[in-house]
Amino acid sequence: MAIELPVGKKVTVTVPASSANLGPGFDTLGLALSLYDTVEVEVTDHGLEVEVFGEGQGELPLDGSHLVVKAIRAGLKAADVQVPGLRVVCHNNIPQSRGLGSSAAAAVAGVAAANGLAGFPLDDARVVQLSSAFEGHPDNAAASVLGNAVVSWTEIPVDGRTEPQFKAVTINVDSRIKATALVPDFHASTEAVRRVLPSDVTHLDARFNVSRCAVMTVALQHHPELLWEGTRDRLHQPYRADVLPVTAEWVNRLRNRGYAAYLSGAGPTIMVLHTEPVDEAVLNDAREAGLRVLSLDVADAVSVKVDA
């Protein structure tokens, strides 16, 4: 029988944003970034209360359909505990539907909050599994759970009945590497952006991406001078250019100037990885074009503070 947690127990979760793919690593590479959502979760005597401040305020649901709430419930079930009621307060800094892992961060925050309330019975691998299940792929969620950069993959059981297993290992990123995000003022639908991808690619393009993905793992760890080459891609970004023309224009413009720029996740955010600051004139041009400029560091793992 599940243990009922005491009323008044509270946790505060701080979860980082993430950038997925990093160019060639489609649904594989992820990077945690120093832009954070904070979620406070308290056990109450009955019902459900949800508040949202910041990004998504007035747009996100305030009931059990909120992704954080769904993830909390999944985490509580996995930990074999239950609660009479919940109060959930979300302070969001991660832009919604911009390719910065906002939905993965919500899932991670919920599972991590439940884990903290239950006394941390779930290890990192289980938190990655539960939070990735909401996404269907682990690159963003694993980065937010584990911090730094991750190489992630999905194992499909041969019996066809067991749920997919989402796995990840971390890459310790060279401390010289920083990130600059150029965030457009419009949303991108992950599903819509995925629909433009072909069902098949050439062996030549597959080989190209395998090599660049390998280069990227080395670039992140020890050789940041290889970031430009390591962010080259032929599997997804060329096909998405027509549906994200502003993003494609800026990625090409930056890469032509030697910057390791790529489409972050499903977009529309443009991400630049660098060891030297991006030219201020370029950033001013981006601002004048309506892009929000965010200077970011590589982030550590999600953190959970038990308040009571």
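Cβ atoms are placed via backbone N, Cα and C, with glycine included.
Note that this is a predicted model, so its numbers are computed, not measured.
Cβ neighbour count for Ser103 (ATP binding site): 18 (other Cβ atoms within 10 Å of its Cβ, all protein chains included). The ATP binding site annotation in Swiss-Prot covers Pro95, Gln96, Ser97, Arg98, Gly99, Leu100, Gly101, Ser102, Ser103, Ala104, Ala105 and rests on sequence analysis.
Contacts of Ala105 (ATP binding site) defined by a Cβ separation under 8 A and a same-chain sequence distance of 6+ are given as Val15, Pro16, Ala17, Ser18, Asp37, Ile94, Asn140, Ser144, in order along the sequence. Here the binding-site residues are Pro95, Gly99, Gly101, and the one whose Cβ sees the fewest other Cβ atoms within 10 Å is Pro95. Following the DSSP three-state reduction, the secondary structure of Ala105 (ATP binding site) is helix. Taking all protein chains in view, 19 other C-beta atoms sit within 10 angstroms of the C-beta of Ser97 (ATP binding site).
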